[in-house]
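What Swiss-Prot annotates here:
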- 1-16: signal peptide (SIGNAL)
- 18-58: domain 'Saposin A-type 1' (DOMAIN)
- 59-142: domain 'Saposin B-type 1' (DOMAIN)
- CYS63-CYS138: disulfide bond (DISULFID)
- CYS66-CYS132: disulfide bond (DISULFID)
- ASN80: N-linked glycosylation site (CARBOHYD)
- CYS94-CYS106: disulfide bond (DISULFID)
- ASN101: N-linked glycosylation site (CARBOHYD)
- CYS199-CYS272: disulfide bond (DISULFID)
- CYS202-CYS266: disulfide bond (DISULFID)
- ASN216: N-linked glycosylation site (CARBOHYD)
- CYS231-CYS242: disulfide bond (DISULFID)
- 312-393: domain 'Saposin B-type 3' (DOMAIN)
- CYS316-CYS389: disulfide bond (DISULFID)
- CYS319-CYS383: disulfide bond (DISULFID)
- ASN333: N-linked glycosylation site (CARBOHYD)
- CYS347-CYS358: disulfide bond (DISULFID)
- CYS410-CYS483: disulfide bond (DISULFID)
- CYS413-CYS477: disulfide bond (DISULFID)
- ASN427: N-linked glycosylation site (CARBOHYD)
- CYS441-CYS452: disulfide bond (DISULFID)
Amino acid sequence: MYSFFVLASLLGGALASPVLGLRECTRGSAVWCQNVKTAADCGAVQHCLQTVWSKPTVKSLPCDICKDVITAAGNLLKDNATEQEILMYLERTCDWLPKPNMSASCKEIVDSYLPVILDMIKGQMSHPGEVCSALNLCESLQKHLAELNHQKQLESNQIPELDMAEVVAPFMANIPFLLYPQDGSHSKPQPKKANGNVCQDCIQLVTDVQEALRTNSTFVEALVDHAKEECDRLGPGMSDMCKNYINQYSEVAIQMVMHMQPKEICVLAGFCDEVKEMPMKTLVPAEVVSENVIPALGLVEPIKKDPAPAKADIYCEVCEFVVKEVAKLIDNNRTEEEILHALDKVCSKLPTSLAEQCQEVVDTYGSSILSILLDEASPELVCSMLHLCSSRGLPAATVRVMPRKDGGFCEVCKKLVGYLDRNLEKNSTKEQILAALEKGCSFLPDQYRKQCDQFVTEYEPVLIEILVEVMDPSFVCLKIGACPAAHKPLLGAEKCVWGPSYWCQNMESAALCNAVEHCRRHVWN
């Protein structure tokens, strides 16, 4: 039953392209061999079987299911089963599809192309994979590797596995049918969507099933036994194959049911409408929102409020996990853009119960975590800097020591001003800059802190005055004398002291005053 369900579902999508005209058929194998429908319309079925569909394929569950179904269908033909009997099996499977338009499309395809499919089965009984490639249920290995080639270098010749979550989803979608078999007429109307009570009934049913799975071990056995009884409805041959798949995948399906939301399962089953917009996150107190939205507040005293210990510990653990993942990506020489893109998938490695908190940390602090680590900060200190972990009991920081450059305070000046530039908002007041300066040195690696404190003590007055106007590290440190001047003197230096109103009036002035980066980040954006 499951095999035919998956086969019919994928068949409907694979063969849903429009009928080709004569003009399209002149374009060669790339058009002919898309699927059974295009090959039949262009009279190229045998050509595609011999030259395209016989190539190696990616190992995947849909491909394996298809091969078993085609083999079983071939055995039924050997046993003198009629085409009408096979058609009946496929049409019955089409009736199980959750949406009326999918069911109708599935039946139309089966009715129109059954002779072609049966001819292929008869001629390729020893090679069912070729038939499955024609049905687009087995993917070409060459095509798959070509798509991966632009993302990463192929490291081995092992055939890649596909995502198990995608292929097991149809099994979970059929759970309500297993508990309450649908034996009525195929022409009965489909259940109403979420605007009636059916959606809520489905959610309640799945909720009860999940609760029973958690608390009653015998319920799991009864559920699996009931599913195997349903296999007997398929008749000889198919029944054994159906039970074999239940033995292999029932445990995986049950685990996924346990970790999915009831509404998600009911959407897959077609009893609830899919929600198009993104779900709203849980609202949090206003002061926590402001602290999360502006990472710069990491430099200010935290609000005197004792958060719930359990919640604080969770965010601390999640932050430490994200920091470790980012550190691994940095060690692998990934670019900043690649790291930020990879962060979107980091939370999928955590249990579902932590995924929401993880996504909050990534969305709010992802860029700050990356910036702090790129400034050579110790990974153990990052979450404390962001006030997500307590600083008590931290181990001695192990930092990657960077070679110092000539120029006195030049290196530490650039690091400090660069950190302030990333974390202070535009038009910050002198008081905000002073507060940030007083604490800024504690955010730098150990080897820079002592020198940073000395630098702030010596340059604080002039530093605050210029930081009110500009925070470009190279310009500021050169202007206050912390970094040595270039070999060629700056042209037009008198005009450059006029500030951003002169620097950013055009690209020529910005380049003349070494303020291009400042203008891009603070004025021209």
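Every residue, even glycine, has its Cβ placed from backbone N, Cα and C.
Positions of the features from Swiss-Prot, shown on the structure.
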residue	record	CB count, 10 Å
ASN80	N-linked glycosylation site	7
ASN101	N-linked glycosylation site	9
CYS132	disulfide bond	27
ASN216	N-linked glycosylation site	11
CYS316	disulfide bond	18
CYS347	disulfide bond	22
CYS358	disulfide bond	23
CYS383	disulfide bond	26
CYS389	disulfide bond	22
CYS410	disulfide bond	20
Going by C-alpha distance, which of the recorded positions CYS63, CYS138, ASN216, CYS347 is nearest to CYS242 (disulfide bond)?
CYS63
Candidate nearest CYS383 (disulfide bond) in space, where candidates are the disulfide-bonded residues CYS132, CYS199, CYS266, CYS272, CYS413 and distance is Cα-Cα:
CYS413
Secondary structure content, the domain 'Saposin B-type 3' (312-393) (per DSSP, counts of residues):
62 helix, 0 strand, 20 coil
Shortest C-alpha distance to CYS389 (disulfide bond) - which of the recorded positions CYS132, ASN216, CYS231, CYS441:
CYS441
Cβ neighbours within 10 Å, counted over all protein chains: which one of the disulfide-bonded residues CYS413, CYS452 has the most?
CYS413
Per DSSP, what is the helix/strand/coil residue tally across the domain 'Saposin A-type 1' (18-58)?
21 helix, 1 strand, 19 coil
Based on Cα distances to CYS199 (disulfide bond), point out the closest of the recorded positions CYS63, ASN101, ASN216, CYS266, ASN427.
CYS266
If H, G and I count as helix, E and B as strand, and all else as coil, what does DSSP give for ASN216 (N-linked glycosylation site)?
coil
Using C-alpha atoms, which one of the recorded positions ASN101, CYS319, CYS483 comes nearest to CYS272 (disulfide bond)?
ASN101
Disulfide-bonded residues CYS63, CYS132, CYS138, CYS266, CYS316, CYS347: which have a Cα within 10 Å of CYS452 (disulfide bond)?
none
Measuring Cα to Cα, how far is CYS413 (disulfide bond) from CYS483 (disulfide bond) in Å?
8
